[in-house]
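Engineer: Quick one: the structure is below, and I'll ask about it shortly.
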Amino acid sequence: MRVLGIDPGFGRIGWGVIEGRKDVWKHIAHGCIETCANEPFVERLAHLHTALKQIIATYGPDHAGVEDLFFSKNVSTGVQVAHARGVIILTLVQAGLAISEPTPVQVKQAMTGYGRAEKRQVQNMVHMTLGVSKEERQDDALDALAVAFTAGVALDMEKRC
């Protein structure tokens, strides 16, 4: 099974693709979709849609995980991220993918065994569990790989029950 994980954002959206079953998962690819701050809002959303369609076409995931929103104190940023998340979900649905929406606590729990783990602890587990190079420091992409892992493990457990 191949899973695409997405860490929603607006200026930078992390994505990661993993493949595996049960307890054996491997890293396939990851990266970030970046939008230009001086482009109009709708153009940035269109860029996100186009880039995500290309990632789906390139890596052919069977399932997708999109981290549920964690609302920040900055309402305008939260609204922009919510719009971007809507574009992400629409793009995934149009591609025919089933979607899991794990919360940040669920992602931390799946990766570290502790739902209140620090971001660095989660990223260290991504390096260890998925074999991603320790030199890789793209936080958003590492977070997206953690989302993919969480979605994949949960889906695999559902299939076993």
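Each Cβ is built from the backbone N, Cα and C atoms, and glycine gets one as well.
Unlike curated records, TrEMBL annotations are generated automatically.
Worth saying up front: this structure is predicted, and the values here are computed from it rather than measured.
Annotated active site per TrEMBL: Asp7, Glu67, Asp140, in sequence order. Positions annotated as Mg(2+) 1 binding site by TrEMBL: Asp7, Asp140. Positions annotated as Mg(2+) 2 binding site by TrEMBL: Glu67.
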Engineer: Quick check: in three-state DSSP terms, what is Asp7 (active site)?
Structural biologist: strand
Engineer: Here are the active-site residues: Asp7, Glu67, Asp140. Which has the lowest count of other Cβ atoms within 10 Å?
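Structural biologist: Least crowded of the active-site residues Asp7, Glu67, Asp140, by Cβ count within 10 Å, is Asp140.
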Engineer: Using DSSP, would you call Asp140 (active site) helix, strand or coil?
Structural biologist: helix
Engineer: Which of the three DSSP states, helix, strand or coil, fits Glu67 (active site)?
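Structural biologist: Looking at the DSSP assignment, Glu67 (active site) belongs to neither helix nor strand, so coil.
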Engineer: How far is it from Glu67 (active site) to Asp7 (active site), counting Cα to Cα, in Å?
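Structural biologist: If we compare the Cα positions of Glu67 (active site) and Asp7 (active site), the gap is 6 Å.
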Engineer: Sorry to bug you, but what's the C-alpha spacing from Asp140 (active site) to Asp7 (active site), rounded to the closest Å?
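Structural biologist: Answer for this pair: 6 Å between alpha carbons.
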